[in-house]
Amino acid sequence: MESNNGGGSAALIGSSGTVILSPPQQQQQTVDVHQLPCCIKSNGPSDVSNYFKPKSSGIEVDGGLELKEAFYRGRNLQGFTVPLPEGYSGFIIGKKNSNKDKTKKTAGTGKAPEISSNSSENHWETLAKCGNMTFWNHDSLPSQDDASMRVFHWFAVAKALHEPVSAEELT
Amino acid sequence: GALPKWALEPCMMGIDEAGRGPVLGPMVYGCLYCAVSFQKTLASLEFADSKTLKEEKREELFESLKANESIGWSVDVIDPRELSAKMLKKSKINLNEISHESAMGLVTRVLNMGVLLTQVFVDTVGDADKYCTKLSERFPSIKFVVAKKADSLYPVVSGASIVAKVTRDRALRNWTFDESAENMHRNFGSGYPGDPETKAWLEHHKHSIFGFPTLVRFSWGTCTTYFKDGAEVLWEADGALDEEGTANKNGKRQLKLSNLGFTGGKRNSEEIESSSKGRCKFFQSRKLEQLVQF
């Protein structure tokens, strides 16, 4: 996931694509999603469940969530698992390869996929679902004030913004 | 158990460590204490520096000192996960500090048991005089003797070295891996970075994403050579990422943590830096941005 210094990205703004959330032939698997406080410069599958072993502490932190502890590359991580708000679902999506009738996983290419300027290739489909996310901090207790947690505030704002307004409410 | 009667007499204690240098496994601090009046008898028990003894002999001596009612002992086993984590914290704690804290923890533990410690002999870690001052300030009632090779000079420290070494060897022998990967084994060798058996073990157990099993001390310089083939990992604590999760400008890598895993595309550094400018503060502070292209 390296950035490039070339220009031309602006030309892409406004291009469109599709995200297919329910591929008919694929049984949707529910997976655990972890957000780590580091950048792993690699894309691809790994035997995460054999190496990443979060442990529950039995201690409740901010917001009544249970504190978890894990280690990654020698660092101590502290985190909690946050259920997605009612009415929301999490999807792991991968880029759909238009040339072949086969899914080219974002997570399976071994390097960062190129942004295609051809909008017809910008099609994504669901690889798995998640019902919660685990957010990890390095050396600090997870909190509702963490930037990753504050992202969820958007849901309430979006709801208020998009909710139909009745005639009485306008007066 | 109950405090022995001799513990109320003036007592002496020796402190030594095992497994400070190895790249894997726990570091163990051990102590052995007895009444000052028992000193001569202790000297006759033929404790030698644990490193000069064979493993079987050490085990035998450990069993005999455990059975001896005139001797007390205690250990502090510092897990490799704890060693790595402390040395790789945002504000890093070096190995000398960890060692000093462990030794002082043992002194505190024994004092709290009610043992009348008057003299403590310690094998030095770092500068002996500075270490002695640090210990004396923390425990003003105790006379400290801090020396190089204390384990071969003072029988009470030799005894402590046996306690520490046997405990470390057993911990390594009975180590249960956190990992459930296949093909893992426990032929660690001595754990010293130069040991061919240890090298072979490290080579066999390295992992491109996870580095090593948590038995390994990731903070050891030796690890870096094995990570060369693996995936690079950037941490805020190393200055590679700033508080916003954006890679440092000096590093010429502009990445947003909030985007990691969500965007795979190549992104222009200017685009990312300017993305929050002119946006509502609500979105800025939540690191939310509208993504038109992904």
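Glycine residues also receive a Cβ, built from the backbone N, Cα and C atoms like all the rest.
Annotated divalent metal cation-binding residues in TrEMBL are B:ASP16, B:GLU17, and among B:ASP76, B:ASP79, B:ASP123 the one listed with them is B:ASP123.
For the domain 'RNase H type-2' (B:10-232), the model's pLDDT averages out at 94. Between the listed binding-site residues, namely B:ASP16, B:GLU17, B:ASP123, the fewest other CB atoms within 10 angstroms of a CB are found at B:GLU17.
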